[in-house]
Amino acid sequence: MIGEILGNRYEIEEKIGEGGMSVVYKARCNKLNRYVAVKVLKKEMSDNEDIVNKFKREATAIAALSDNNIVNILDVGSQDDINYIVMEYVKGKTLKELIKQFGKLNYETAITIAIQIAKALECAHKNNIIHRDVKPQNILVTEEGLIKVTDFGIAKSTSSATLTNTTTIMGSAHYFSPEQAKGTLVDNRTDLYSLGVVLYEMVTGRVPFEADSPVTIALKHIQEEVVPPKQINSKIPESLNKLIIKAMEKDPGMRYQNARDIINDLQKIKEDPNAVIKDVVENEENEHTIIMGSVNAPDNTKSVNKALEDEYYEDDEDDEYYDDDYYDEDDDDDEYDGKKKKKKSYKNLIIGVAVVLGLLLLGVGAFAISGGFSGTKTVKVPDLKGMTLEEAKKAIEDAGLEYVDAGTEKSDEEEGTVIKFDPEAGKEVEKGSEVRVITSAGVTKIKMPNLVEETEADAKATLDKLNLKNYDIKYEFSDDIEKGKVISTNPEKDKEITEDAAITIVVSEGKKTTYQPMPDLIGKDRDEAIRELTKLNLDGSVVGEVEVTDEKLVGKIAWTSHAYGTSVAEGTKIQLKIGKLKEEKVFVDSFIKVGMKASDAKKALEDAGFTKVVINGDSNGVVVKWDPPEAITKSTKVTIFSEKVEEQVPPADPKE
């Protein structure tokens, strides 16, 4: 391919990347004299008409995206048996490389990057395109610091029936949304979940879920609560911590619903790290404690196995566009080195799936051995909600089931009453099955801490440490409490409160500033002007002189640093200047001439008002020139240059 010219304009210069379906080359556009990236479909793929059509169709869909934060599609074409897409050529690094280089990014930089990624996704979503594989390897950072989202090659257009196979999961398991992991329907919120994972990795230096196999990682996305990023990196503000947790909610309905909302919140945090980010609505059925049944295997594992199996069999592999700087040699999720690597990856997956399925089969086998398939009697689980522990235990045993104490959780319900149980009420289960019960630990009482005269940041940190999250900040002026420190709280210190109690913190804005109108001081005496300013609590002082042409302003206030009538805060320093008469400029030759006697010239200038006149030469000599020659004020020094005139003796009369 090197040296070939495609479409009579794209001259292939060098190979810069390769994926499962295509090879990427750096090329020069001879018409516009600029570099481009050309993605060429591999020859073995070009024989498949469906793949070729899909390749072109997806390129056409992505070409509709015109955004500064997206690697743009410039052209699509075919030449002989070569099918290609022409893209914007980007030089820089992947976000993954930057994270590896720095370990983690400071939160301000992470926010700036996330805003640009979200803007790219917003553009795609408005055009009915879901990226489906948002990850740091697909985010390019140019040498100028601009963010470019790439690899929309696996993106799915929601407007095309041929591109909406919702059971096929693409992308890397570390950045899966729960719905991708399950193989269920995905929408724009899938990309926002992945963006949350990317943001998590930027500020912590690691992905939220790690495991030995993609299957296990995917299951963690479905079932496991994420460790809050602030627990890993305490330097990030609580507002950003909440934003990331909200973006990574398991339930899409609890997440950000569109890219614009997450952009707005990121902008708020960028402007004010203490900004209040609205929490998601808590769902009583989606609590942190997950109760696993003793016999029934979760369907999630099967769906994850199927989803990941589809991913590894899928022809549309992750062939992201990158130049030499973008190669990520240890990212097994991104690159496939021919059939050998693909087989190895698939083999590893099969091992992972086999382990999971083996465990499931053991469970099913035990179920069969114990009579599960031989018509064993089943019973319905009784409704235990609100019962005391003793009542629940009796109801379970009366139904022929086994009671299991699954612990307690904090709750508004009365201490010791049942708040959760599994299996749920009314479910048919085998007689003798376990029923796991969680009871209320009651409401924890906490003494309200003393926050008065603490800084706002310290007060927030104290409340957060006590898990008191429901607080509101108000600001008031105070003559006694320093700006930025707490004036009062409601409830007051030492009062017993619950974790969900509403708390109001009043923070000082310092002394209230009073403004005064600037008085008219022009033409007034110095002392009078200072007295007027002092009466208004303004600090006046004379700082120099200013030239004036009006003789009435000579020796009076002729200039003020603040204009008459403007509002000036009390205590402001007001500068004043005294007027002095502006001197007119005149030419020296208006008073003296060359050839005059030097002493006469000096007297003429002094009579005219010049104050600094000197003679350079003989005062009885004649004027030959003066300095300066241009127009000057009468206080300027004038030097008169003179020469002595020799007396001429008349020649003797020859007759004498």
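Numbers here mean position along the shown chain, with the first residue as 1.
Cβ atoms here come from the backbone N, Cα and C positions, even for glycine.
Keep in mind the model is a prediction, meaning the values are calculated, not measured.
What TrEMBL says about this one:
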DOMAIN    10-267  domain 'Protein kinase'
BINDING   K39  ATP binding site
REGION    309-339  region 'Disordered'
COMPBIAS  310-336  compositional bias 'Acidic residues'
TRANSMEM  349-373  transmembrane segment
DOMAIN    375-441  domain 'PASTA'
DOMAIN    442-509  domain 'PASTA'
DOMAIN    512-580  domain 'PASTA'
DOMAIN    582-644  domain 'PASTA'
- Query: Other than its own, how many Cβ atoms are within 10 Å of the Cβ belonging to K39 (ATP binding site)?
  - Reply: 24
- Message: For the domain 'PASTA' (375-441), how many residues does DSSP put in helix, in strand and in coil?
- Response: 10 helix, 28 strand, 29 coil
- Query: So what's the mean pLDDT when you look at the domain 'PASTA' (442-509)?
  - Reply: 90
- Message: Using DSSP and collapsing to three states, where does the residue listed as 'ATP binding site' fall: helix, strand or coil?
- Response: strand
- For the domain 'PASTA' (582-644), DSSP counts of helix, strand and coil? 13 helix, 19 strand, 31 coil
